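TrEMBL has this to say about the protein:
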- 29-446: domain 'Ammonium transporter AmtB-like' (DOMAIN)
- 29-51: transmembrane segment (TRANSMEM)
- 58-80: transmembrane segment (TRANSMEM)
- 122-141: transmembrane segment (TRANSMEM)
- 148-169: transmembrane segment (TRANSMEM)
- 189-206: transmembrane segment (TRANSMEM)
- 218-237: transmembrane segment (TRANSMEM)
- 249-273: transmembrane segment (TRANSMEM)
- 280-298: transmembrane segment (TRANSMEM)
- 304-325: transmembrane segment (TRANSMEM)
- 337-359: transmembrane segment (TRANSMEM)
- 402-424: transmembrane segment (TRANSMEM)
Amino acid sequence: MSTPDYSWMPTNLQPDDANPVWMSKADNAWQLTAATMVGLQSIPGLVILYGSIVKKKWAVNSAFMALYAFAAVLICWVGWGYQMSFGNKFVPFLNKIDDALDQHVLLKQAFGGYKFPTATMLYFQFVFAAITLILIAGALLGRMNFIAWMLFVPLWLTFSYTIGAASIWSPNGWLSKKGLIDYSGGYVIHLSSGVAGFTAAFWVGPRETKDRERFPPNNILLMLAGAGLLWMGWTGFNGGDPYMASIDASLAVINTHVCAATSLLTWLVLDIIFFEKPSVIGATQGMITGLVCITPAAGVVQGWAAIIMGVLSGSIPWFTMMVLHKKVWLLKQVDDTMAVFHTHAVAGTLGGLLTGFFANPRLSYLFYLNPNYEHYIGLAYGFHNGRVGAGFKQMGIQVLGVLYIVVLNVVVTSIICNLIKLVVPLRMSEEQLSGGDEAVHGEEAYALWGDGEKFEKSVHNSVYGGDELGMQKV
């Protein structure tokens, strides 16, 4: 067989050993860019958001929980998490355990025939796994023992996240084969983190009463900076999930921002109507619920559907947070610091169900590139196209996915928390709860170097960790 002649192609597009024939430079570049945008949502996005939205006494601890999770997830991901989620089939809800560290794995073509190497896919899927753990942390800020958190992250990633990802996103997954539509993580990331965070918050217990009763952000402007990184980073979050620089990626990006803006404005209007003040914290919550709601649907719904989803995501989670939360016994018992249950579990469920209603079969084809694209049809188009049975079937699959993720995360998270309790306390000591960052880490967020005593308890109270090199305390 003769070797194909690529001499007609521009030099920079001709394949070679470093640029195999199966790789698209454009797709690979976009996928790496999208992954980095999602990574920036966490580091520094959520680090800044968490560190600034809590009371000053918990700024360092809250930011550090996010930073630690990002690093810990990466090592677990390359060690075993990626292969358990996307590797060779073991059972319908989990793949075989293996590492992803060798060039023979990393440099081969990604699963599904996508036109970039496995190393790129691994990186892209890692940042999704990392942000899921960081979202869970939002429910636990201000009281979880940091050592317990260090144990929780690898355990939950291994025994919960990988199962959800393998079931829904892996080509071998049982819900994937049933036809569940989860464009970019409404189920795997947001519903999972909302339910797991709420469950873990139940087991860890509440913050101190004084921390719950008065909970002013220590820096609203920094909070907005973190929120801005989160919003703009969602361009990569949803735009990267077709796994190619396609027209469907473009649609997903614009739908994402339209839904987020609509949701923010809806939440803002409700705050003005019922509380007579436009709240920037409320607007931020509305932005988040809009981004979460559109995530499972981003590239498979029309723009007008994204606006409807924005109105619903700005009002239904608002109602559950601002009204139901004060009336439902269970919600009042659990101290969910960042309201992750409302912003991610409620909004994620809403998005998943609305996906089952609004999914357009033609747009589903552009996403899945499956000749049997009529299989993915929302109920609204089932009525419109005379395929009502198929539409109801899709809604049923979406509901099944919600139930599966909820049960999985309640059970697994509860087991993990109770196992950790056998080793270390889930909660900080009373001294740490009272002292905050200085008691836990020996560091404070806004300590000035002129107040040298503020860092006396830190093991890094000088550039080199001590005074043995002749450095004087200020």
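Each Cβ is built from the backbone N, Cα and C atoms, and glycine gets one as well.
Stretch with the largest number of CB pairs closer than 8 A to the transmembrane segment (189-206), among 148-169, 337-359, 402-424: 337-359. If you look at the transmembrane segment (280-298), the same-chain residues 6 or more away from its ends with a CB under 8 A from one of its CBs are 53, 181-187, 189-190, 217, 220, 223-224, 227, 230-231, 234, 237-238, 241, 251-253, 255-256, 259-268, 271, 305-306, 309-310, 312-314, 317-318, 321, 339, 342-344, 346-348, 350-352, 354-355, 358-359. Sequence-distant contacts of the transmembrane segment (122-141) (same chain, at least 6 residues past either end, Cβ-Cβ under 8 Å): 31-32, 34-36, 38-39, 41-42, 46, 50, 54, 58, 61-62, 65-66, 69-70, 72-74, 77-78, 81-82, 85-86, 100, 106, 149, 153, 156-157, 161, 165, 185, 188-190, 192-194, 196-198, 200-201, 204, 237, 240, 336-338, 340-341, 344. When Cβ distances are compared across the two stretches, the transmembrane segment (148-169) makes contact with the transmembrane segment (402-424), since 3 or more pairs at least 6 residues apart fall below 8 angstroms. Taking the domain 'Ammonium transporter AmtB-like' (29-446) as a whole, pLDDT averages 94 in the prediction.
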